[in-house]
Amino acid sequence: MQLFGIIGHPLGHTLSPLVHNWGFSRYGLDARYEAWPTPPEELPAFMERLRQTPIAGVSVTIPHKTAVMAFVDEVSELGQAAGAVNTLYWRDGRLIGDNTDVEGFCRPLVMRGIAPRRALVLGAGGAARAAVLGLTRLDSGVVGVTARRFEQAQALAREFGVLAVPWDERGAFGADFLTNATPMGMAGRFEGVSPYPAQALSPGMVAFDLVYNPYETRLAADAAAAGGTVVPGLEMFLYQAVEQFRLWTGRLLPDDELRPLLLRTLYGEASPRT
């Protein structure tokens with residue numbers, strides 16, 4: 001049996017075991033996927049065990065996506081460009097670090113024929129990095145990044161050759177495409193909060209909120225009310241997992257089967273339709 005798993009801290013109610021074990025079962029693969037909570041101080045020991053234990057692949061999540069790069073034999077071109085990896089696998093006896101977050105961001109846009117002309121990324125963390133890189137690889141027109149801490153937006157903008165936008169000026173940027181890569185809107189203390197002024201939304205705008213719990217965030221509701229198009233945040237998680245499964249097994253998880261499974265798991269039988 002092949003063994004896979006996810007490392008991060010905290011892992012909470014991660015959906016990754018559900019997705020990958022479902023995929024293994026669907027294709028009749030002799031494999032299982034587990035959750036391995038790994039605090040930062042335990043990462044070196046885990047990576048040492050990884051080389052001594054028959055583990056076929058690992059998902060990497062917060063806070064290890066950058067730190068883990070020091071422990072692999074090779075980082076893929078995409079991982080290098082993103083400055084982060086979320087997928088580990090073996091190739092010819094070498095441990096490879098790769099990134100499927102960028103694919104997870106881009107695929108929903110390509111499938112919908114969305115081609116931003118003036119895109120604004122809200123946030124400057126790991127998800128924002130994937131979004132900015134994805135937008136540049138899609139040859140979007142003008143790309144801006146904004147964050148409450150302007151120096152973080154400036155650093156990210158310099159790295160990827162895009163514009164840094166002061167947080168207080170985000171509504172005046174004239175974006176036709178927004179990505180929320182902040183926790184604002186997430187269930188809990190940020191629920192019901194939008195990172196973007198509703199009055200700056202307009203018909204024809206596209207809002208891709210990477211928050212997927214709740215399904216409809218305040219930003220998504222505001223964008224829909226303004227006549228815009230909403231890309232659900234669950235799509236990025238879905239497609240990064242699809243690409244991860246492909247790297248490990250060479251098989252494609254059917255999104256039309258996986259999406260309803262995720263919706264039911266997250267939102268119950270009264271789950272929204274996409």
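Placement of Cβ uses the backbone N, Cα and C atoms for every residue, glycine included.
Curation plays no part in TrEMBL annotations; they are all automatic predictions.
Shikimate binds T14, L15, S16, T61, N86, D101, Y212 as TrEMBL records it, and from the list Q152, Q154, Q240 the residue named for this site is Q240. Among the candidates G185, G188, G233, the residue that TrEMBL annotates alongside E77, G123, A124, G125, G126, A127, L210 as binding NADP(+) is G233. When Cβ-Cβ distances below 8 Å are used as the criterion, the domain 'SDH C-terminal' (233-256) is approached by residues 4, 15-16, 19-20, 23, 26-27, 29, 31, 56-57, 59, 86-87, 89, 98, 100-101, 103-105, 107-108, 180, 208-212, 215, 217, 262-263, 266, 274 of the same chain, each at least six residues removed from its ends. For the binding-site residues listed here (T14, S16, T61, N86, Q240), the lowest count of other CB atoms within 10 A around the CB belongs to T14. Of the candidate binding-site residues, G123, G125, L210, the one lying closest to T61 (shikimate binding site) when CA atoms are compared is G125. If you take the C-beta of G126 (NADP(+) binding site) and look for same-chain residues 6 or more apart in sequence within under 8 angstroms, you find I62, K65, T66, A84, D101.
In the predicted model, residues of the domain 'SDH C-terminal' (233-256) average a pLDDT of 97.
Broken down by DSSP into helix, strand and coil, the domain 'SDH C-terminal' (233-256) contains 18 helix, 0 strand, 6 coil.
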